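*Asks:* What Swiss-Prot shows for this protein is this:
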- 310: active site (ACT_SITE)
- 63, 65, 155, 310: Zn(2+) 1 binding site (BINDING)
- 65, 66, 67, 97, 283, 314: substrate binding site (BINDING)
- 155, 182, 235: Zn(2+) 2 binding site (BINDING)
């Protein structure tokens, strides 16, 4: 039998190549060999019937927490990669807030080795901005880049020192690395646990004002202007942050941004409606309806470059506690497409823009070899059933985490097949390879 794979009959949506229509995708030797309306194929060729499906570049997630090393009870590189391909993601960027923190080559190399052993999604490590993510001394950026890191972050913690952030932008620029930053002023956050507003008041919970994010975004944009370093704002959640990024781009500054599905779909009123469910607790918190509207508009008009999940698995021990004491974060790799397809159905996004924000957009931000079905590109492909509807059963998730606000909800759209390097690594209804 031929080792060539023909994906036939599907609607190919490849924003990077300007393609949107029924095409055949030909994969040979792990690469995209051809995308065309008519293709002659051998009788013994392998065929994937994609009729009534979307065929897109594999999704790229700039922001996941794989927890390994040190917190394997929450997630491992292997289980996180399995969750990724189940959701259509063929490449994920692993945040450095592991134990120990990924601030050196040894941790980076361990993550890469675990990813290679899993043989599922491609994993791109993100190194720490500061040693131990302590915010006091810069990590060794040259060592981190040489060992395989594609960006730098102290995610989970802001860089509170403006002087250190300035030096980080300067140092990272010398190595061609972007900083992907968690923006919050801890002095304004205080002991807040959800968005500051009427919902927090009704629940009797301490609030976090939107300005805690806004002031840090504005500070770091000013430092970009000073240094010329590249800034990527992680999990944007406020209207003020969207405005600041839009203005920075208008001025030609190297500033990009991402937004999560939950910050596009849920508000602080959902926290109240949940009855203190800790599946609705994350950082940044779910914001107001006005903030959600601004984030949707920012994604639609390109102010925000990418959809990123901030996939953050936790154990029941860390979530099944009082709201104030619960860990922040939810799992998102297996629900991202479905949640965001809901935005398309609401008219907030076009189908093309949704695919672009999951593929070419994030690939451009970190300069990754992904997000395209161009001839010669790695054959990383997602096949999607946009008409499917399903009910989320946490017990059926591939991730170790069960912390999701969409438990028991009806969702639209499923990934039926995921291909990495020409290999089918996920097929709906079958165990992943």
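Heads up, the Cβ atoms here are built off N, Cα and C, so glycines get one too.
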*Asks:* Determine the minimum-neighbour residue: among 155, 310, listed as recorded positions, which Cβ has the fewest other Cβ atoms within 10 angstroms?
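*Replies:* With the recorded positions 155, 310, fewest surrounding Cβ atoms within 10 Å: 155.
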*Asks:* Whole-number Å distance between the CA of residue 63 (Zn(2+) 1 binding site) and the CA of residue 310 (active site)?
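*Replies:* Just about 5 Å between their Cα atoms.
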*Asks:* Counting across all protein chains shown, how many other Cβ atoms sit within 10 Å of the Cβ of residue 65 (Zn(2+) 1 binding site)?
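*Replies:* The answer is 26.
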*Asks:* Fill in the CA-CA distance, residue 283 (substrate binding site) to residue 182 (Zn(2+) 2 binding site), as an integer in Å.
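*Replies:* So the alpha carbons of residue 283 (substrate binding site) and residue 182 (Zn(2+) 2 binding site) sit roughly 9 Å from each other.
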*Asks:* When you put residue 155 (Zn(2+) 1 binding site) at the centre and draw a 10 Å sphere around its Cα, which of the binding-site residues 66, 67, 182, 314 have their Cα inside it?
*Replies:* 182
*Asks:* Which of the recorded positions 65, 67, 97, 310, 314 has its Cα closest in space to the Cα of residue 235 (Zn(2+) 2 binding site)?
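*Replies:* Considering only the listed recorded positions, the nearest one is 310.
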*Asks:* List the Cα distance (Å, whole number) between residue 182 (Zn(2+) 2 binding site) and residue 314 (substrate binding site).
*Replies:* 19
*Asks:* Restricting to the binding-site residues 65, 67, 97, which ones have a CA within 10 Å of the CA of the residue listed as 'active site'?
*Replies:* 65
